Amino acid sequence: MATPGTTSTADLPPLRAWLPDYVILALIWGSSFMLVKVSVEEFTGVGSSFLRQVIGTITLLSFMLIGRHRFPPRALWGHIAVIALLMSVLPGTLISISQSYISSGLAAILNSTVPLATLVVVLAAYRDEEVLTRARAFGLFIGFGGVLVVLGAWNGFGEVSWIGVALVLASVVGPAIAFPYTRQHLSGNVEAIPLVATQILFSAIIMIPWVLVTGVTHSAVTLGPVAALTTLGVISTGVAYTLNFRIITVAGATTLASVTYLLPVVAVVTGALVLGERLAWYQPVGGAVVLAGAAISQGRLRLVRRPSSATA
């Protein structure tokens, strides 16, 4: 049975209705880790996140003006503000700060725990309708075991920055709550562009007091970080969040959460090609284990069962 926060396999629409947006979103968000890494070379983590929201707001309000859209009803503004905090402000800022300590590829691998965290939230929020099945429990166990592999537990966790790791793992909590919350409260007939434009606008407003305290830059600004930040605002925020809401309203929260399966691949490739990053061998291996656990827990990767013996 599909819950307000999930979509059952039987209820999924045809692939052509959401797959192109899904792939484009994965490419955009996967490469955004590399762009964030470039931006925080000269912008503070908070400043990078704030300016990304500001540029994204301008982009999305331009889309609204061109399409002659109206803002969502005021009755929804409270829900949109919650989504802004959970899906934009917290993860965007924490991941930006984290990349002053860890590589963009490692940040993306750790961020792939979002589907696992989303499942935990859905199970807790919809206890009357969702059951912790054996497959889900096994998937969660495998997934969180994969996190230990990513961190190199057998090495005493000495080869990673715990500050960066903790920031990324904390950042997944917001989207994990936001995905089912969005499906329940904002998946009606509200248009995607006005909805996401209002969300990013609220995100920028929420961040104003924070950025006044921390500042925007920590060194002289040059073209590279400015170009990266502009791309983050226009494409990774403006365009991507429109795709984000289209997918979640068409295919559901769990499908959208699974886009993180592709992000580490894109992030590791772009980080290596553009930034020359290198990962320890066990980090991508652990990332694959995390994704396998997420797939098992969501029923996308089924455990093989022995066929029962036929009786004569």
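Any Cβ shown, glycine's included, is placed from N, Cα and C.
Listed features, source TrEMBL:
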type	residues	note
DOMAIN	23-151	domain 'EamA'
DOMAIN	163-296	domain 'EamA'
TRANSMEM	22-40	transmembrane segment
TRANSMEM	46-66	transmembrane segment
TRANSMEM	75-95	transmembrane segment
TRANSMEM	101-125	transmembrane segment
TRANSMEM	137-154	transmembrane segment
TRANSMEM	160-181	transmembrane segment
TRANSMEM	193-213	transmembrane segment
TRANSMEM	219-243	transmembrane segment
TRANSMEM	250-274	transmembrane segment
TRANSMEM	280-297	transmembrane segment
Highest-contact recorded stretch vs the transmembrane segment (75-95), from 22-40, 46-66, 160-181, 250-274, 280-297, CB pairs under 8 Å:
160-181
Averaging the per-residue pLDDT over the domain 'EamA' (23-151), what integer do you get?
90
Would the transmembrane segment (137-154) count as touching the transmembrane segment (280-297), i.e. at least 3 C-beta pairs under 8 angstroms with sequence separation of 6+?
yes
Counts by DSSP class (helix H/G/I, strand E/B, coil) across the domain 'EamA' (163-296):
110 helix, 1 strand, 23 coil
How many helix, strand and coil residues does the domain 'EamA' (23-151) contain under DSSP?
102 helix, 1 strand, 26 coil
Contact yes or no, the transmembrane segment (219-243) and the transmembrane segment (46-66), 3+ Cβ pairs under 8 Å, gap 6+:
yes
Which of 22-40, 101-125, 160-181, 193-213, 250-274 contacts the transmembrane segment (46-66) most, counting Cβ pairs under 8 Å:
193-213
At a C-beta cut-off of under 8 Å, are there same-chain residues at least 6 beyond the transmembrane segment (22-40) that contact it? List them, or none.
48, 52, 95-97, 99-100, 103-105, 107-108, 111, 224-225, 228-229, 231-232, 235-236, 239-240, 243-244, 247, 251, 255, 259, 262-267, 270-271, 274-275
